[in-house]
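**Student:** Before I ask anything, here is the structure I am working with.
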Amino acid sequence: MSYMPTSCLVLFFLLFLFHPLPWALSKEDLGWCEALFQCGNNTAGFPFWGGNRAKPCGHPLLELRCLNNITSLNISNHEYNVFHIDQTSNTLRLARTDLLGSFCSAEFNTPTFPREIFKLFPTYKSLTVLYNCDPKLSYRSSYTCPDLGLFSMSQSLDYQNSCQDSFKVNVPTSFVPEEKEMNLTHLESALRKGFEVKLVIDEIPCQECSSSRGICGFNSTTQICCNVTSLSGGVTCVPQHQPSADELRRRCSERFSCGNQRNLYYPFWIPGREYCGHPDFKLDCSGGFAELNIASVNFRILNMSYDSSNKRLARSDYLNDLCPPNPLNDEPLIETVLQFSADTELLTLYYDCQLNSSATSPFPSSYFGELGCDEGRSYYVTRNLSSPLLDRFRGVLNNLREMCKRKVSVPASGPALNTLQTNPNSNNLKMALEHGFELQDNSNCSMCVLSGGSCGYNQNSSLFVCYCKDGPQDNQCDINLDDIIGNRIVAIIIGIFVALCTIGGFIAFLVLLCPCCKVRIFRNRKTSDDRRQEKLKALIPLKHYTYAQVKRMTKSFAEVVGRGGFGIVYRGTLCDGRMVAVKVLKESKGNNSEDFINEVSSMSQTSHVNIVSLLGFCSEGSRRAIIYEFLENGSLDKFISEKTSVILDLTALYGIALGVARGLEYLHYGCKTRIVHFDIKPQNVLLDDNLSPKVSDFGLAKLCEKKESVMSLMDTRGTIGYIAPEMISRVYGSVSHKSDVYSYGMLVFEMIGARKKERFGQNSANGSSMYFPEWIYKDLEKADNGDLEHIEIGISSEEEEIAKKMTLVGLWCIQSSPSDRPPMNKVVEMMEGSLDALEVPPRPVLQQIHVGPLLESSWITEESSSISEIENRNLQVCEKILS
């Protein structure tokens with residue numbers, strides 16, 4: 001018996017695998033696959049087929065049936081009406097045909113959705129319908145059908161065993177079954193509107209086919225690409241294969257332009273780059289702008305600078321019109337891909353309201369205002385409706401919700417809305433909408449790019465993907481972070497090794513010695529880097545500067561603008577002309593390295609109008625620098641010193657104190673990881689041109705999980721005069737974020753002049769600052785029933801009320817026990833609320849704390865100018881109020 005040689009078998013197999021497949025239909029039929037086709041009221045294309053479109057044009061499970069302007073689809077032997085097909089996002093809105101009528105007449109069963117084809121959209125959920133239930137029992141959200149008996153609907157299966165059967169239905173996530181008796185009309189209405197699913201068929205093979213002028217199709221479940229041969233005119237098809245991993249990485253690393261925007265990449269995309277962006281972020285470049293449509297709402301890119309924090313979008317329909325016709329209120333899913341910045345708020349607009357003028361005028365707060373649209377009364381609310389700041393106005397909000405026909409929520413800039421609150425008018429409202437809102441970086445993409453990959457999207461899993469040379473990864477390419485951090489050190493070691501090896505007389509000695517030295521050097525470096533590795537991951541989105549660049553931007557450190565306990569601050573200028581502050585840390589022993597990591601890792605996680613913005617950092621050996629935004633007005637202590645020529649009134653000081661409180665509230669509650677500052681004082685509060693405060697200097701900060709109410713510290717940190725008592729003696733309680741609250745209270749007292757009283761009345765040499773609250777409480781006791789008296793002392797009643805409020809808030813904040821102090825979100829509420837709502841806090845048991853000699857490891861400083869000299873007018877205000 002003879003056998004075919006192995007080489008022939010291999011050749012035969014390859015020819016069989018790659019030989020073009022004959023197309024089953026004619027060239028004319030192939031034309032139907034190329035064009036979109038109309039089915040009912042829908043226009044569809046690949047991967048659908050049906051009607052005049054042949055079966056090989058689409059996936060075998062996606063046949064559309066067209067009858068009397070109705071489009072339907074059969075899934076697992078169940079018919080679904082197709083209300084809408086979005087070819088751009090590959091989404092369908094479906095409804096079970098049997099659920100379009102009476103619910104009790106529907107087929108009570110659950111069709112199986114092929115997971116390789118369909119995925120339920122995240123704005124919908126599945127609810128379980130339990131039927132043939134025990135009529136003797138009581139069920140939540142129940143109803144009795146005439147022929148099927150009692151049924152109940154629930155998201156849980158608490159009482160499934162008492163019902164004989166069950167099936168599932170898809171409803172919007174906002175749908176909540178009634179607690180007791182089911183409102184059948186409510187349920188039927190939700191089911192008739194249908195639900196959305198996303199096709200998870202891989203689009204990349206078809207995109208590759210289209211780019212080569214081929215036509216996409218299917219041979220069973222295998223995607224194929226078909227072309228008309230030039231010689232015979234016949235149709236040939238070949239299986240489509242996805243581009244290589246390195247090819248995808250190369251393509252997605254290339255940036256693109258759209259309209260007036262340049263250098264765009266993930267999550268945005270344009271035709272031909274579908275695998276390089278999120279499906280919801282397809283850009284339309286036709287109008288001279290870069291616009292995207294998410295959930296039927298158009299957004300325009302105003303600025304998309306990946307190298308800075310300036311990434312702004314705005315709703316297109318509100319750019320030139322406060323009252324656009326029929327604005328949509330579908331909440332966009334932007335935050336699933338790009339998070340809003342911390343200072344973004346949801347501006348809520350109410351249209352066509354049938355309210356009596358007495359119901360809303362005058363408004364109870366600056367959070368509310370009138371739009372002034374021509375058709376009906378219209379109003380706006382400048383805060384997210386779920387904000388605790390609006391808890392006192394729920395009655396007004398309920399009136400607006402019930403009496404207004406339309407409500408629209410629009411993301412907007414928090415600072416712009418603050419301006420609107422201060423000066424409410426249509427121009428400021430228009431500016432707030434036209435300014436747009438800021439977005440944060442996509443953290444997954446930042447990690448991917450740093451690791452050498454390119455950002456993309458997996459259509460099958462509907463998840464982010466990082467394209468790497470060796471294949472796609474979930475988040476980042478497989479690299480050793482030690483190699484990135486220490487490559488300069490490695491290069492130096494290798495250079496020294498090579499240089500020494502050239503000395504012939506020491507070759508034998510070096511062969512024996514260098515391996516040991518190399519192991520020792522690498523082990524020391526690795527140990528040091530391992531301690532920094534976790535926190536360095538937080539630095540990925542930041543700009544890394546070399547020491548030469550730092551020296552160049554500061555003109556060789558020419559202008560000093562500030563000095564601190566850990567370094568000197570210089571004025572600098574970036575290449576784009578922006579002024580920056582460059583803090584160069586001292587090359588000192590002790591906690592210098594940890595101070596640098598604390599400051600950079602803490603600031604890199606923040607984005608808030610009252611937190612100084614970190615722009616980059618430098619770390620070369622022992623040389624470390626931090627680059628952040630420059631604020632011309634400098635620090636707060638310059639404005640509350642008696643040496644200053646600029647006198648701030650109480651209204652300005654109140655605005656600064658409120659801004660600092662909001663910044664601390666953000667650090668404690670607004671970040672993914674809670675940040676405790678531990679060094680709140682006037683020197684660390686910077687002021688911009690509008691005297692808006694920004695908390696700075698995070699050298700002593702500590703990160704902890706929000707669920708942690710107690711922190712473990714091995715050292716004392718802070719500045720004398722602002723340190724919470726529990727930081728020095730644990731007899732007062734445990735260290736927590738409430739330590740910042742105490743420091744804030746001391747800051748408030750210094751701002752309004754209360755600290756000056758201590759300066760005059762205290763002559764002891766021990767320097768303790770624990771005595772100063774006692775005279776405040778003594779003066780409070782002199783007042784009738786603990787109330788503060790209204791005394792005319794040459795200031796306005798508004799300023800007097802501000803001083804009273806700040807004094808009471810300060811007293812609450814400096815309670816000796818941390819548990820008696822309010823959290824910062826409560827402090828903000830107290831500062832924004834009315835004076836009448838504030839009570840005089842109970843007098844704590846105050847003890848003098850003697851600050852003994854400090855250990856070398858303690859991070860505690862005593863600024864010679866930290867206890868500011870405050871002008872006499874503010875001192876007089878506080879003394880009179882408390883007398």
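Cβ coordinates are placed from backbone N, Cα and C, and glycine is handled just like the others.
Feature table excerpt (Swiss-Prot):
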type	residues	note
SIGNAL	1-26	signal peptide
TOPO_DOM	27-491	topological domain 'Extracellular'
CARBOHYD	Asn41	N-linked glycosylation site
CARBOHYD	Asn69	N-linked glycosylation site
CARBOHYD	Asn74	N-linked glycosylation site
CARBOHYD	Asn183	N-linked glycosylation site
CARBOHYD	Asn219	N-linked glycosylation site
CARBOHYD	Asn227	N-linked glycosylation site
CARBOHYD	Asn303	N-linked glycosylation site
CARBOHYD	Asn356	N-linked glycosylation site
CARBOHYD	Asn384	N-linked glycosylation site
CARBOHYD	Asn444	N-linked glycosylation site
CARBOHYD	Asn460	N-linked glycosylation site
TRANSMEM	492-512	transmembrane segment
TOPO_DOM	513-883	topological domain 'Cytoplasmic'
BINDING	Val561, Gly562, Arg563, Gly564, Gly565, Phe566, Gly567, Ile568, Val569, Lys583	ATP binding site
MOD_RES	Tyr628	phosphotyrosine
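Could you tell me the structural context for the features on the list?
**Tutor:** The Cβ of Asn41 (N-linked glycosylation site) lies under 8 Å from the Cβ of Asn69, Ile70, Thr71, each of these being in the same chain and 6 or more residues away along the sequence. Secondary structure at Asn41 (N-linked glycosylation site), taken from DSSP and collapsed to helix, strand or coil, is coil.
A 10 Å cutoff on Cβ-Cβ distances gives Asn69 (N-linked glycosylation site) a total of 9 other Cβ atoms nearby, all chains included.
DSSP assigns Asn74 (N-linked glycosylation site) to a strand.
DSSP assigns Asn183 (N-linked glycosylation site) to coil in the three-state reduction, outside any helix or strand. Counting only residues at least six positions away in the same chain, no Cβ atom sits under 8 Å from the Cβ of Asn183 (N-linked glycosylation site).
Neighbours of Asn219 (N-linked glycosylation site), defined as other CB atoms within 10 A of its CB across all chains, total 16. According to DSSP, Asn219 (N-linked glycosylation site) sits within a strand segment.
Other Cβ atoms within 10 Å of the Cβ of Asn227 (N-linked glycosylation site), summed over all protein chains shown, number 18. DSSP gives Asn227 (N-linked glycosylation site) a strand state.
Around Asn303 (N-linked glycosylation site), taking its Cβ as the centre, 13 other Cβ atoms fall within 10 Å, counting all chains.
Around Asn384 (N-linked glycosylation site), the same-chain residues at least 6 positions away in sequence with a Cβ under 8 Å from its Cβ are Glu345, Leu346, Thr348. DSSP assigns Asn384 (N-linked glycosylation site) to coil in the three-state reduction, placing it in neither a helix nor a strand.
The number of other Cβ atoms within 10 Å of the Cβ belonging to Asn444 (N-linked glycosylation site), over all protein chains shown, comes to 19.
For Gly567 (ATP binding site), applying a Cβ distance below 8 Å and a minimum sequence separation of six or more within one chain yields Lys583, Val584, Leu585, Lys586.
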**Student:** Please identify which of Val561, Val569 has the densest Cβ environment, defined as other Cβ atoms within 10 Å, among these binding-site residues.
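**Tutor:** Result for the most crowded candidate: Val569.
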**Student:** What is the separation, in Å, between the Cα atoms of Val569 (ATP binding site) and Asn444 (N-linked glycosylation site)?
**Tutor:** 33
**Student:** About how far apart, in whole Å, are the alpha carbons (Cα) of Asn227 (N-linked glycosylation site) and Asn219 (N-linked glycosylation site)?
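**Tutor:** Their Cα atoms are separated by 14 Å.
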**Student:** Report, as a single number, how many Cβ atoms besides its own are within 10 Å of the Cβ of Tyr628 (phosphotyrosine).
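**Tutor:** Taking all protein chains shown, Tyr628 (phosphotyrosine) has 24 Cβ neighbours within 10 Å.
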**Student:** Ten-angstrom check, please: count other Cβ atoms within 10 Å of the Cβ of Asn74 (N-linked glycosylation site), all chains counted.
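**Tutor:** That number is 15.
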**Student:** For the topological domain 'Extracellular' (27-491), report the average pLDDT of the model, please.
**Tutor:** 81
**Student:** Across all the protein chains here, work out how many other Cβ atoms are within 10 Å of the Cβ of Arg563 (ATP binding site).
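**Tutor:** A count of 10.
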**Student:** According to DSSP, collapsed to three classes, what secondary structure does Tyr628 (phosphotyrosine) have?
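**Tutor:** DSSP assigns Tyr628 (phosphotyrosine) to strand.
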